[in-house]
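Copied from Swiss-Prot, the annotated features are:
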type	residues	note
ACT_SITE	33	active site, proton donor
BINDING	26-33, 143-146, 172, 180-183	ATP binding site
BINDING	57, 149	(R)-pantoate binding site
BINDING	57	beta-alanine binding site
């Protein structure tokens, strides 16, 4: 696996490499990330990963400096997964001057996760566009676990006419249904036992809608009540349209149920397509 930090070296390394599939990460990799690398192989000739902890997407109450940096272990995992090229820029490489030009997503950045993490999706969209310009891939993989992020990137790519196919990678789960996340490591043993409740409740919402329930607000409120009774502190449980995460206009269009809630001090997110 080649490792490059400079944009010029990266572009030189990617000449004549066929169809390039790009998987951006912030490092601290787990099996969910590695699954994206494996899925990417089926969509192109060359798989490029990136590791960059992006300061722009951290909010005022989110500690950029405490984000785990596990670079050597990440490199070993990526090489074992068959990644061809790793782009690992420093802040000076990617932001050689203050980033005064940014990507401002529309209203989607202010709902759901965006309501609780103001400015987050502006930072995500800006760094992803910049990484796209560095790598110049033909396709890019983003996990469906971060569903709102996937929609922001997919819609940005379409509206800015970027020649990149955005592919949603399926969420990898533990045997009990908990979505794999670096945050799971912060759960106590008791919290880890409780954590799959979030996915079970999303499954119950999907089952109810498929069985004919049309009152999505009632389903949301029932799930919130169940989480609260079990000691969770909820940000949201929401049923939305898949395409743009707007409020559902009936239950016949493709929908997604999404949730974000805190178990102890750990904020967990999950979703399920309906």
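Heads up, residue numbers simply count up from 1 along the chain you see.
Every residue, even glycine, has its Cβ placed from backbone N, Cα and C.
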Separation of alpha carbons, residue 57 ((R)-pantoate binding site) and residue 144 (ATP binding site) (Å): 18
Three-state secondary structure, residue 33 (active site, proton donor) (per DSSP): helix
Shortest C-alpha distance to residue 182 (ATP binding site) - which of the recorded positions 33, 57, 149: 33
Listed binding-site residues 57, 149, 172, filtered to Cα within 10 Å of the residue listed as 'active site, proton donor': 172
Residue 149 ((R)-pantoate binding site) versus residue 172 (ATP binding site) - Cα distance in angstrom: 17
Neighbourhood of residue 29 (ATP binding site) by C-beta distance under 8 A, where only residues 6 or more apart in the same chain count: 70, 73, 74, 77, 78
